[in-house]
Each structure stands twice: as structure tokens, then as C-alpha cells.
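Taken from Swiss-Prot as is:
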BINDING   C16, C52, C90  [4Fe-4S] cluster 1 binding site
BINDING   C168, C172, C175  [4Fe-4S] cluster 2 binding site
DOMAIN    7-127  domain 'MTTase N-terminal'
DOMAIN    154-388  domain 'Radical SAM core'
DOMAIN    389-450  domain 'TRAM'
Amino acid sequence: MRATAAKKVFIKTYGCQMNVYDSQRMGDALAADGYTATDAIDEADLVLLNTCHIREKAAEKVYSELGRIRDMKAERAIAGRELLIGVAGCVAQAEGAEIIRRSPAVDLVIGPQTYHRLPDVLARVRGGEKIVETDYAIEDKFDHLPQPKRAEVIKRGVTAFLTVQEGCDKFCTFCVVPYTRGSEVSRPVAQIVAEAERLAEAGVREVTLLGQNVNAWHGQGENGEEWGLGRLLFRLAEIPGLARLRYTTSHPRDMDDELISAHRDLPSLMPYLHLPVQSGSDRILKAMNRRHTARDYLALLDRIRAARPDIALSGDFIVGFPGETEADFEATMELVRQVNYASAFSFKYSPRPGTPGAEMPDHVPETLKDERLQRLQALLLKQQQGFGSSLVGSTIDTLIEKPGRQAGQKVGRTPWLQPVIVDEKAGEIGDIIQVRITKTGYNSLFAELA
């Protein structure tokens, strides 16, 4: 009897680092159901779109992609081959059954908190059902997700993401996360430590803890006391082989003393912090429901820099929020000048349906948003390039992560997240080596062995 060919799944990931982690865990759940991953959509028996709902027109982009996959499914049907189509992630959560109504070729819609049920859902799909699973059973998800095989962890590389917290209770008026990811939920300490230990045992050298509001994480520690993220980082730093720790994304209101002390006292906690502020105008910050002022943010950065003088800062900015005046925008520019960011992400405000911001008056014209964004990005780019140039001639610990794009090269990563191009003979993947920065590229550094 001829053996049945293995089923293959193609997962396309949109958006944030947590979606990357979620896609990996979907792959783990499907591996237990007999699927192997493929990078070629033409080979797939199942196509999953793991979607993001943060930016404007996110849903329309998904529907456009589904149109292309629908045509592929029709061609497969003519040839007598089945192709299943699924939509996962935050667009799935927000749109629900509307996805199947608008795109009937879709077989399943599964939210961020229910993808551990994929094998059961697929069994029902093969029985002829169309499935929409979008509840918020987050504890159930992490309790039931299968662990990846060691070989799969090794294949993914020497850096890894580890989700420790999901959801957000801040309700910033521009943001859909509380509606698509739910309220804040923290994973238990034992579960996080066990996953980090498995990663380290498989050769992972750097772990980035993920959460929509990661520094709101809290849980009962191994000593029975209530822990925050700082105490968790101290515990993870004890794991043999785990040389580097990071976390993202944070809210200024949840940067407590213990977390700041972790930056001071833990060599393995990298001196890089992504701490979004969104605006430098107190009036706009209030309208955004950020619950801090520009002065609060700057004072917090002073405390963090006093604890870790070599820390590099990253941020998020939104320009053109409803009611933003030229004076408000200039306040943002002034805050950026004061902070001097090593890197940052900046966007035009885009109204998200169902959020308070979308209902506010005095929306800023698109042309003015464009002009302000260009001015802000020019300043941020100048600061980023200045930070890179300041490292030329210095000796830096670099984690070698992967082969380079060019023959004879490998790519490493500085403590401040910049890619570093080195000679392939400088070290093996997973090594942390000392290099001397020789020059800068547009988004990377070049180095030689120190």
C-alpha cells in the first residue's frame, strides 16, 4: 500500500512579534495533527492567515489575500485536490463570521485565544462544517498547547519569543487590542520558566518576553509571593545557557522599581528598552487616555538611565491624532529631541472602528498627517544613524544569529538590537563574540573580531 503523503500547512504571519510566536505555536498544534510546515503556498493542504488589526484597512488586505487563495482553491478542486483556508489572529477576532460571509471559500475562523483547538476544528471542517471560534479562553490555550519538538526549536534558531502576558486593560482611545486580545492575563511562573528552560536546553541563547502590555505581567512566584516582571526576569536569568533577556512592549505606567532594578543588576537583561509614548503633547496624551504626561515619561527615563547608563531607548509615535495642532506636534518633536532615541516606530493615526478615537471630532487631514510624519521620521532617522555612528570603533558583545545574505558573512546582534555583519569565520551561530565596529550601513553595522 502506498503511504499517504504528509499534510502541509502554509502560515502567513502579519503584524507583531506576538503573532510570530502565535504562528509558531499554531505550527506546533498542527504538527501534533500530522502537518508539516511549508514555505511554498502551492504545496499546502492548509493555508492559515495569522492576521493583525492594528493598522488601517487591515481587514480589507486580508479579504484581498483571501481572493487570491480562493482562486487557488478553485483550481485545486478541478484537479481533485483539497485546500482548506483559515483566518486566525486579530482580524479573525474582530470580524468573526463576517469573514465567511464575505469570503465563502474560508473554512475556519479562529481567534488568538483558541488556536490550540486547531486539530479539533479541522476535524469538524473535514466533516463539512464552517467553524468560527473566537472566545477568550486564554488559560485553556496555554494549558493545552503541545510543546514543540527539540529539533523544531533548534531549527527556529538561537533567539526565541516567549509570550508571558496577553491583552490590555489600558483602553487607549486609538487602540483595538483590548477588543481583539481581551483583558490582561498573565501566564503562571512555572509555565514560563519551564518553556524558557526547554528553549535554553535546545540551544536558544536569547529570549524575548512578549506581551501587549508585558510589564503588567504578575503572578505567584515559586516562593509563594506575588511577582512582577522584574522578579520574573531575575528568575529567568538563573537558567543555564540563557545568555540574553529582553521584553516588549511596555507601558510607562507599569515600569516599577523592581523592573528598573533588574536593568541595573542583571547583566543578561539587554540595555535596550522599547517604551512607547505616542505623543509629546499632554493634551493629546489625555485625549489618547495614556494616563501619563510628557513630564512623567521623561522623569521615568531619567530613573531608568540612572540605573542603566548604557541603555538605548526605542519608542512608538502616532501623528495626526484627532485635534492635534501644530503646537501639539511640535511638543512631540521636542520630546524626541530630549530623549534622543536609538530607534523608533512612527505612524499616521488611522481610525479603528469601535474605538473612541474614531468618534472624536477634528480629524487631521491626510496631507497634514503625511507632512508631519515625514518631519518626525527625518528626526528619528537622524538620531538612529547618530547612535549607530557613535558605536564605530567600540568593542561590543555580539550574538551570532544566522548566515549572512552575502557569501562569507554571518549576522549577529548587538545588545541594542542592531544587526552586525561579520566574517563567517568570526564564530559559530549561537556564539557571543567580541567585535570592533568598523562602519555603519543604513540599518546595520559592520565589524571585525576584536
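Heads up, the Cβ atoms here are built off N, Cα and C, so glycines get one too.
Just so it is clear, the model here is predicted, and its values are computed rather than measured.
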Residue among the binding-site residues C16, C52, C90, C168, C172 whose Cβ has the most other Cβ atoms within 10 Å: C90
Count of other CB atoms lying within 10 Å of the CB belonging to C175 ([4Fe-4S] cluster 2 binding site): 21
Environment of C168, C172, C175, the listed [4Fe-4S] cluster 2 site - residues of the same chain whose CB lies within 8 A of the CB centroid: K170, F171, F174, V176, V177, P178, Q212, N213
Additional residues surrounding [4Fe-4S] cluster 1, by Cβ distance to the C16, C52, C90 centre under 8 Å: Y14, G15, M18, N19, T51, H53, I54, A58, G89, T180
Rounded Cα-Cα span from C90 ([4Fe-4S] cluster 1 binding site) to C175 ([4Fe-4S] cluster 2 binding site), Å: 12
Whole-number Å value for how far C168 ([4Fe-4S] cluster 2 binding site) lies from C52 ([4Fe-4S] cluster 1 binding site) (Cα to Cα): 16
Helix-strand-coil residue split for the domain 'MTTase N-terminal' (7-127), DSSP-based: 64 helix, 24 strand, 33 coil
C172 ([4Fe-4S] cluster 2 binding site) to C90 ([4Fe-4S] cluster 1 binding site) - Cα separation in whole Å: 17
Residue distribution over DSSP helix, strand and coil in the domain 'TRAM' (389-450): 5 helix, 33 strand, 24 coil
Reported mean pLDDT - the domain 'TRAM' (389-450): 96
Pairwise Cα distance for C90 ([4Fe-4S] cluster 1 binding site)/C168 ([4Fe-4S] cluster 2 binding site) [Å, integer]: 14
Cα distance (Å, whole number) from C16 ([4Fe-4S] cluster 1 binding site) to C168 ([4Fe-4S] cluster 2 binding site): 15
